[in-house]
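Reading through the structure tokens given below for one structure.
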Amino acid sequence: MAAPVVLLSILSSLLLPADAIKPRFFEPRIFDKEATGFGPIFEEEPLDTVYAEDSPEAKISMNCRVRANPPAAIKWWHNNWEIKLMEQPDEHYSLVGGNLVITNPEKSKHAGKYVCVAKNVYGTTISKEATVKFGYLDQFPTDEREAVYVKEGQGAVLLCAPPSPEVMYRWIYNDFPNFIIPDQRRFVSQTTGNLYIAKVEASDVGNYSCFVSSPTIGKSVFSTPIPLVPQIEMKRYPADIRVRFPKTYALVGQNVTLECFALGNPLPHIRWRKLDADLPPNYEVSMNGALLHLINVQYEDEGSYECEALNVRGMDCLPVKGLIDLHRAPEWAEHINDTEKDVGSELTLSCTAVGKPLPWIRWLKDGYSVRELKFSSLTFEDSGMYQCIAENTWGTIYANAELRVVSCAPTFIYNPVKKTLLGAENGRVVIECKPRAAPKPRFIWKRGSELFSNSSRMFIWDDGSLEILNATKSDEGLYTCYAENDRGKANSTGTLSITEATKITVPPSDVEVTVGETTVLQCSASYDPSLDITFIWTVDSYIINFGRENSGDLLIKNIQIAHAGEYICTAQTIVDNTTASANVIVRGRPGPPGGVRVEEIRDTSVKLVWSLGSDHGSLLAQHVVQTRDFFALDPEDWKTAVTSPVFLDGKAEVTEVVDLYPWMEYEFRVYAINELGAGESSLPSIKIKTWDAIPTMSPTDVDGFVGLNGELIVTWTPMKPQYFFGKKFGYVVAFKPHEDFDWKWSTIADPEARRFVYRDTIIPNTEIQVKVKGYNSKGEGPYSLTKVVFSSESAPTEAPLDVYARQVTSTEALVWWLPVYQVPPHWVDGYQIRYWRKYDDNEAAASRVLVHSSVNQTRLENMRPDSHYLIEVRAYNGAGLGPPSEHCEMFTRRPPPSRRLRVYKYVSFTRKWLYIYWDHIYNYWNESYVEGYKILFRKEGERYGKLYTTGRHYIDFPMPETGDYVIEIRARCEGGDGPISQILVQAALGSQSLGAVSLLLLVLAWMNLGL
């Protein structure tokens, strides 16, 4: 009989009137707190589309994917009209799984704005608008273009007149695809499409066509040719700007390109600048100045920009100015979220957006516009899908949220009153009553049959909780909470028991200790024996984690400054807690001063200001100022500064730092001293640069001699950069014969120069005085001591003796000799060393080295490995070379192996050690013997590091904690060092575990090494 019953029920439902069926869409279950469904949420929304009219696909697909429970029905709207696929079938439209497909689209019918509308029982949501455009690129007119006649040297402008906007421009010269490449003389504007030729030359004759392409639809067209005919007449013309940029609007974060190009002969030079400020740091100039690129523009890049063009004939009289105005698309500062509220409650929905121009905001509820979104008493009809839409000229953003208004009868199923309730004697007891109910219920409390009302000792909170003050044993019993609203009522009961209150019997005491000492803070308490007690310690509101159960007393070993503060002991049971506090004062070295800053800057001094640091329980006795300049080799290379006054007492907060180098970058820090020692240094100040000044030092080791060709050579030791004292540093070299009154001088702009050559021939047997001084943009410094140089009348007559040479590497050697001492007119200005291969080189092509007379040894370089060399030494002066020494013979060493090492690395499992090993390299018969290996451990990006040498082919290091490092390994041989092999090492935090292959290689290597 089951089947007839089912059939009868179905027939009965079919016979129900329409009014009886309709309310099922608004079933009360969606307003219940147990409802599990949700409104439509877009996972994919339609995007703007450009459709090429001749596209081979002949269709447009607008995507829309929605998540909802129950599943949402999808509809589409076009230009605010619903596309009714069921009622009005259309051969062009079809719906595929929520996506709208337009077949054989037509511009007149299908261009415009589309939105996807999703709807279920919880509400309706509308997607972002998507625009469908039809891309096209019209043909250029077929009319013949007139020829352009222009004189050579003049500028020319060839007009493009594009048929369609939003395209890219290029120009064809004579035949396709011979495109013109823009340079300093030719420029193609991407704004107008015109071709600008700054200076026409005879080779420019030919036909020019404007070529435009649309990246969006992938189509290109070009114009009929424009003949360009140069005419002979070369003149010079001043710069004339023809490409000007208008006021430019851009979004923050975009890249902006400004154009500026000028005609003129000679070719103009283009300069850019920003009015009232420097150009942004993120700018680039290309196309020989014609394009200014501003990368990732920000609000501070707004303003007026100017370009000017100039050549030898003049500058454009009216520099081109353009304004960049930055805008921002809308962004949410505050937006709506899914909300569930009780029926009858209050609610205000709000959202705020920022942007430039300021966005305007509109609201939708279930797809329809609404205004007032402040609810004083929510109803079920207020439930639905709400959308906040913010838009300005640069875009539109949506914030979607579901508002669900719910109601239900009170129930304690999910949150009943606790069955067992505990309270401390004379304490405060709160019994919570929080049933699930909507709207908010009314509450009544009873103990047995006794009905409670608010009094001085008992109070029923707004959320239903019962508060009892100064609880006693007489308050024990059964407590019942009754909750009732218009949907129903419910109750829940718990038993209250009163226990003995917890009390601290031995509280901690204030204590003062010195850094490094040990102290104990006591804490004991009495409590109800039926309960367990826990002691919790906090310091300045931070809980101390012991990692185990604490018995009460707190032991602090090796106390430090950081341990000072207010300590609170909390004795806690499951019923109540009580606290006691004590202050721990730690005496230690001073804390770092704060706010170190420079307030006044001069050339050799600054005014330094700081604020006092903590004295840590011991009066400050002294402050010390330290400096670090630009040339400090180590980050911790701080030096004690000279101050005025020299001694800075413990109360000092300002001083003058003196004896600084002018034109030097400095940073400063300060530390304090008390009776326990020197404290921690402050953070460095912001780097500053002292003012420039005239140099006060002069070059040292000034010397000179007359060369082989009679030229005067002056040498000196360059001054250190610390003594430049300003920009544009250089040297002034002065010289004169002893009998003359006036000095000759010459300037050398290179601050690293160490010699000067005066090419005019010096008269023999002349005494010459030379001196050198430094200069900068502020002026000239003092001269060095005068050095006397003699020009020889005749060449030296003696040859150097005991010439001896020794190999250093396969390509270098050291040579020594006994100096030649002769009196005028045969004095010695220096020595010439020649060296060549005995059997392979021509003596006339020998390598030469010149050294000063004060030197009797030098290094010979660029020699051939494994070769037999002859070495000759001669003394010389301005009159010529002396006789040669006896030839010294020597053999260079064999070269080191030219093969690179194969290097491996292994990081220990604890990531604390790094093991490096490599394959041993063996020398061939014609190579040097490998004596060992050199290992350079340096930070990546730096040239120097720590050098190790070893005879083994493995080494280990502590694993660096931070940064990236490079390890360089090379063979060490008697003939020199072999080629470098490198391996990169990342710090412990970024290192990777060793793979199986690397582990196998490591084991094999250790077996070979006998480890």
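Backbone N, Cα and C define each Cβ position, glycine as well.
TrEMBL: automatically predicted annotations, no manual curation.
Residues or ranges marked as domain 'Ig-like' in TrEMBL: 40-133 (among others).
Among the features that TrEMBL reports, domain 'Ig-like' is placed at 141-222 (among others).
According to TrEMBL, the domain 'Ig-like' annotation covers 230-311 (among others). Mean pLDDT, taken over the domain 'Ig-like' (230-311), works out to 78 on the 0 to 100 scale.
Positions annotated as domain 'Ig-like' by TrEMBL: 330-407 (among others).
For 410-497 (among others), the entry in TrEMBL reads domain 'Ig-like'.
Positions annotated as domain 'Ig-like' by TrEMBL: 502-585 (among others).
The annotation domain 'Fibronectin type-III' is assigned in TrEMBL to 592-693 (among others).
Helix, strand and coil content of the domain 'Fibronectin type-III' (698-795), in residues and according to DSSP, is 3 helix, 51 strand, 44 coil. Residues or ranges marked as domain 'Fibronectin type-III' in TrEMBL: 698-795 (among others).
What TrEMBL lists as domain 'Fibronectin type-III' is 799-897 (among others).
According to TrEMBL, the feature signal peptide maps to 1-20.
Within the same chain, the domain 'Ig-like' (502-585) packs against the domain 'Fibronectin type-III' (592-693): three or more Cβ pairs sit under 8 Å, each pair at least 6 residues apart. Across the domain 'Ig-like' (410-497), DSSP classifies residues as 3 helix, 46 strand, 39 coil.
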